Amino acid sequence: MAQEMRATIHESLERKLNVLTDIVFYAGSVAIALLAGGLVMLVAGVSPIEAYKLIWDGAVGDANGFKETLVKATPLLFAGLCYTFAYRCGLFNIGAEGQLYVGALAGTVAALYVPGLPWYVHLPVCILAGCAGGAIWAGIAGFLKVGRGASEIINTIMLNYVAIYLVSYMVTGPMKEPGGTLPQTARLPDSALLGKLFDSRLHYGFLLAVAAAILLYFILHRTVWGYEIRAVGLNKQAAKVMGIPVNRNVLLVMMLSGAIAGIGGYAEIAGVQNRLFQNFSPGFGYDGIAVALVGGAHPLGNIGSAILFGGLRSGANAMQRMTGTSTSLVYVIQATIIILVVCNRYWFGGLKKRIIASLTARVVGRRSDARPEENVAVVLGIGEREGRS
Amino acid sequence: GGADSGGDAAEPLKVALLTPGPINDNGWNATAYAGLTLIQEELGAETAYSEKVGNSDAAEFIRGYAEDGYDVIIGHGFEYGDVMKEIAPDFEDTWFLVNSSTLSQEPNLASLSLNNSEQGYLMGSIAALMSQTGKVAAIGGSEIPPITKSVQGFELGAKETVPSIEVLTTMLGGDSDVAKAKETAISFIEEGADVVMTNANQAGLGGIEAAKQKGVLAIGSNQDQNPNAPDTVVTSVIQDYPQAMKVVVERISKGEMKAESQLLGVKEGAIYLAPFHGFEDKIPQETKDKIEAIVASLMDGVKVISNE
Amino acid sequence: METEIILETLELVKRFGSFTANDRLSLAFRKGEIHALLGENGAGKSTLMNMLSGMLSPDEGQILFRGRPVAFASPREAAREGIGMVHQHFMLIPALTVAENVALGMKQGRSPFFGYKRACAAIRELSDRFGLDVDPEKRVSSLSVGQQQRVEIMKTLFRGADFIILDEPTAVLTPPEVKELFRVLRTLKENGKTIVFISHKLKEIREICDRVSVLRLGKLIGTTDQADTTSADLARMMIGRDIQAPIRRTRESGGRVRFEARGLHASENGVRLLKNISFGIREGEILGIAGVDGNGQRELSEALLGLLPMQAGSVLLDGEELGRRHPRRMTALGVAYIPEDRQKDGLVLQMSIEENLIAKEYRSAPFSRGGIVNKRKVKLNAEEQIRKFSVKAPGPGAPVGRLSGGNQQKVILARELMLNPGVMIAMQPTRGMDVGAAENVHRRMLEARDRGCSVLLISTELEEIMTLSDRIAVLYKGELLDTMDREEAELDRIGMLMAGALPNAAEAIIH
Amino acid sequence: MNEEVVVSFLAAAIRLSVPLLLAGIGILFMSRSGILNIGMEGMVLMGALAGVVGAHYYGSMEAGLLASVLAGAFIGLVFAFLVVTTGADQVVIGTAINLLGLGLTTVFGRSLLGMGQEAVQAEGIPVIPIPILADIPYVGEALFHQNLLAYASFLLVPAAALLFYKTNWGLQVRAVGEHPLAADTLGIRVHKTRYACCVIGGMLAGIAGCSLSLGILNQFTENMAAGRGFIALSAVIFGKWTPGGTMAASLLFGGADALQLRFQSFGIQIPYQFMLMFPYLLTMIALAWFSGKGKQPAATAVPYKSLSNRSE
Ligand SMILES: Nc1ncnc2c1ncn2[C@@H]1O[C@H](COP(=O)(O)OP(=O)(O)OP(=O)(O)O)[C@@H](O)[C@H]1O
Ligand SMILES: Nc1ncnc2c1ncn2[C@@H]1O[C@H](COP(=O)(O)OP(=O)(O)OP(=O)(O)O)[C@@H](O)[C@H]1O
Ligand SMILES: [Mg+2]
Ligand SMILES: [Mg+2]
């Protein structure tokens, strides 16, 4: 009995330590990535210290910088959640970019062509339209996967291009501002816009994104549906045998994942741009993958990593403003972060295990049984991919 | 006008520039960068620039520069208009200048645009005059007004100058795919076009390369593109944003600026022909005379090309 | 000559973490013998053989081959010395042809080109010499299991192996295929090859082997001449005690038919999987389905559960036809299912024990209400089940993947019995489990039967079928041959039916 | 439609398919060994830049080509290390490589080639009419009036087929892509084979990039790959993981592009955006059509831990 108790304490402690070390090592990875980025700067002839100081000042240096960081974090969080949600169901939705575009398009259609509603009706209608747009776009890939077994990875990538051209066509053609010459739609009516927070560029979309993260966390970890999604994501075959409708879940998750990106797209339009035009997203959808990974494919973890990447972007903007250094550097830093985080287990897995073991041993006393190699992966949940067909 | 602080002789004028694309694109963005360099060199201004500023980031940059005390902020593209309009009232001591737009707002927002239709008209006329086959081609990059207008102007100019001419036009839908630009030009050349104009920033050089390879002529756009292919580019119709920007900033520094939109063209010397370089001796005098006549009619205001 | 030792192990040790899979093993193999290796699941047989064939390297001890110490860093090095292994799970590449599989990784002289014709010719030649009967130009995916095994043997011969290890080669074969294999093995032996033969089946060992070594819990119990021992001796050596058949109360006769199948037909891509399968199971009865692996067992269970579409036939529960079936619906109707492959089909290894335990009931109270999972109830339930089934686990929140095979099976069993099922479909419920754990499972199944549950037991272990079943049927090539009461079932007859040796004498009987 | 239009169309189709084919064969090498590379786009960009840098600094097209190959080999090696040795998720690493390609080429493109107003020009890949063949009416003009890399890329197809289907090494690659464990038990070095395939794939990516930069404009422009890395991946899938199939698919995509450019001269009035969507939609349709029929190497995207490392 006592031993059982000890085992339970041991386990919960170990789990906490695991989360803790993960956070520490992820932070370490980010730090190393920044160092690597610094190296690239040196080669490119920029002073890394000065650049990072500018990035830091720009991102969190003052209230305005931080608000700007959150403005950037908003679409990134939506895109990260989009990737995360599909990932947890064993799907690779590389199509957040396209889904952002179509979401923005659908939301804008509702904003411009459903006139005369009070804001408390109009805004929700527009957001729902954005949802629907993203959901349909991702649903195409989901449908092709379920119905034809076509890889969602490739289809979502292809749909990104199609979406961007579709929006380009709409804003230069049918939805062009009446009487205007520019390739953009008319300004959205006030009733369709998202309000601003603290009298800055920060808008309610950010709160919407945080709410979406919490909702997804709740769905994944507290609900029956989330249980199904995770089971499908981890072991499709077993899920099927247990009676979980795999195909239905794949399709639904794909659609909800797209819907999240869809709101993200509309929020960017209704919160920041106020009208739709071509190429409004500078690759938020692709950055979302990095956000999801660094966030540990956990909805709440995404909030932190979206702010990190948002800060990186707004900081890099500040840096460019002051020194003219190209923001492309940020891509390099982002890529390095992704690589280091994904390979975390390979480089630091052993070290991490040893740290956890020695810490647990110090607190509870050593255990005799062997710890299979796989455990680390299970808790990490990253770099591991199960249940893919 | 409220922005008179720039007149302080003690401190140099601070000028910031935002461009939508990379400043080394040999096209639209490079022009603006050249303008900024000119402003720095000739007006002794302190300058800063940010490139590849997308719409989602524009406000951040503009506000940032304004807060950093810049006297003039130039947004090189109509897409910055909306944002500048919104921010301008908060910084009355700063002048906001939108290029390629017709926007204005009291007291401190002005815009500067060149008559792209006129530019296109000139290019089209020259192309038509140079053509042996009776077919000329114009290829545009992104579907945005300065480019679409230049392509439309090209068609107009070619047809008015040589009524029998056939004009092939298309849009690439983007500025970065050089291969596509080149192939498009090749397809037009193989259709029979023997003079090609490409107005597509980075990708634009693909059109000139195609002409060079196929042994036909090209008309350069925006900058003197002859050095890229001396035996191919007959001439270029330059839209002298650098000069225009300098003039405007100079006005600001003298406190003479008004918050209105300015459309500059051949008449104002903002659009003109590049030298013929090696073609000087190859073009028959008769053709040269015709070209000169067209330029002169635009210059005198005898001929007016609307930029609407 | 007779006693020349070709390979010898000295105090060989292999550990996995803190678990010792091979504990100071010293064995000797004579040239030209067929040497059997016997032992329970997990006794360490495969581990030992993997070390001999260069798949694993020993932690301690030494291997002497032809008198010289050897240390293989890879299977290739072992093959170069003349040691080849046919793995328990075939190592064939289905997308390639036989010749490509066989000659893969072999260089022919200095040419970078793969001499397909030459390889084919060499294979044909070997095939004729050892009577293997393999066609080098066929794609492996089109071969039967028996043929694939011969390809595996061909792979070792092609590499010039003199020492050939066969890890449970008969587990997947039908009796005629086993006969065929034995003929091949004898030919190999006549050609001077040494063969290590791993099997759980005493009868086979007695038929083909010269000497037997027995492993238990990673230790060597002993090596004897096959002719000098009885089967009972071997069994005792293997398990460490006499085999005790679990006590099975005889069933009170009568009772109504609870679960029934009528004329099930299933085929896929023109291949017939199930043909006219009919049976009925009464309340409190276990119907055992014997048969060699791959004769439609998996398909039958999946068809019953609704995972495999059928072309004809119906399934009845309490006399009512079920129509369209689906695992979820079957669960709702009180049908429990123990799948064959617990790690692939039965569990989500990365999920915790508590979450795996609710896999069948997560949608209903008390585990969830209004679509929201009640974590407290889930945890309480897990604690209860862990106690009840004495699952060895660190806690309810531990990932199931961390448990040993036996304990994983206990989790599945607990989950299925939580349903209080009226019907249970159990496939290979004790596969890969040691005797103690297997007995535990058997006891639970009998308890369920005694509570009135109708059990369909599908197993390739004839012994398990004989121990548990009230009635026994044999599955052969997707067809149910004969159904008999346990009391009148004779081993011989069942064995012959499993081999397809008897004509379909009796139509399956519906009670 | 006259013959000249057809010839010009054919020639353009071939020119446009060259980068796709080179990148596609590169992806094919990786795919066949069981590695999914969605980072081709980034690799091509790096190759494109390296080509111009090499040609510019050493003043010859050969130096540019060599630089592309070396850069490609290096990035292939890095990719191999990340997905083979560390066993990281291939989709994610591929995405990172794309970001890296975009970022690094921009940053280094400027520091190496300058920010000048005049684009840096370098010696381009020459167009070499093949004697006699080039004079064949119509066909000669379309097929035998191409640049060096075009011929090379089409010769690569039978070469790759020979390598995959007739050599020991090719058999090894296929085995590793299907069932690495089985290959390992036969002494094939799975990791080594995958590294080799990644490096070869990277080299081909480099050449593909070179065919864009030196082959078309003798210049590097930012993001000039313009999605071709992804299209090449589709070509491999469409081509059912065979060299010949990949070639056919590349030609199809190249042809679709060439056709799209000519729609207008045929007097077909479709908004250009829809024409631009065409290759992507075609890919999706092809994928839906072929799914389940194609033979993707069974071990695709599954990391493998080699036997010899296990015991350590
Ligand atoms: N790679 C491994 N890591 C950890 N433990 C292992 C590994 N391989 C085998 N084991 C463990 O070593 C023990 C011996 O396994 P082995 O496969 O040798 O048994 P076996 O006698 O061949 O059993 P079976 O009859 O089921 O094939 C088992 O408990 C198994 O779980
Ligand atoms: N591949 C593996 N890697 C690491 N550890 C393993 C591996 N396989 C099994 N183990 C561990 O080795 C131990 C023995 O596993 P195994 O499955 O052989 O149990 P077992 O002795 O057969 O138990 P049971 O009687 O319950 O089946 C377990 O603690 C298990 O976690
Ligand atoms: Mg074994
Ligand atoms: Mg076991």
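For all residues, glycine too, the Cβ spot is worked out from N, Cα and C.
According to TrEMBL, the transmembrane segment annotation covers A:23-49, A:69-88, A:100-121, A:127-146, A:153-171, A:202-220, A:250-269, A:289-309, A:329-348.
Long-range Cβ contacts of the transmembrane segment (A:289-309) within its own chain (Cβ-Cβ under 8 Å, at least 6 residues beyond either end) map to 22, 26, 30, 69-70, 72-74, 76-77, 79-81, 83-85, 87-88, 94, 96, 209-210, 213-214, 216-217, 220, 334, 337-338, 341-342, 381-382. Between the transmembrane segment (A:23-49) and the stretches A:100-121, A:127-146, A:202-220, A:250-269, A:329-348, the greatest number of Cβ pairs separated by less than 8 Å involves A:329-348. Sequence-distant residue pairs (6 or more apart) of the transmembrane segment (A:153-171) and the transmembrane segment (A:329-348) include fewer than 3 whose Cβ atoms are under 8 Å, leaving the two stretches without contact. Listed stretches A:69-88, A:100-121, A:127-146, A:250-269 were compared with the transmembrane segment (A:202-220); the greatest number of C-beta pairs under 8 angstroms is found for A:69-88.
Within its own chain, the transmembrane segment (A:127-146) is flanked in space by residues 82, 86, 91, 93, 95, 98-100, 102-107, 109-110, 152, 155-156, 159, 163, 208, 247, 250-251, 253-267, which lie at least six positions past its ends and keep a Cβ under 8 Å from the stretch.
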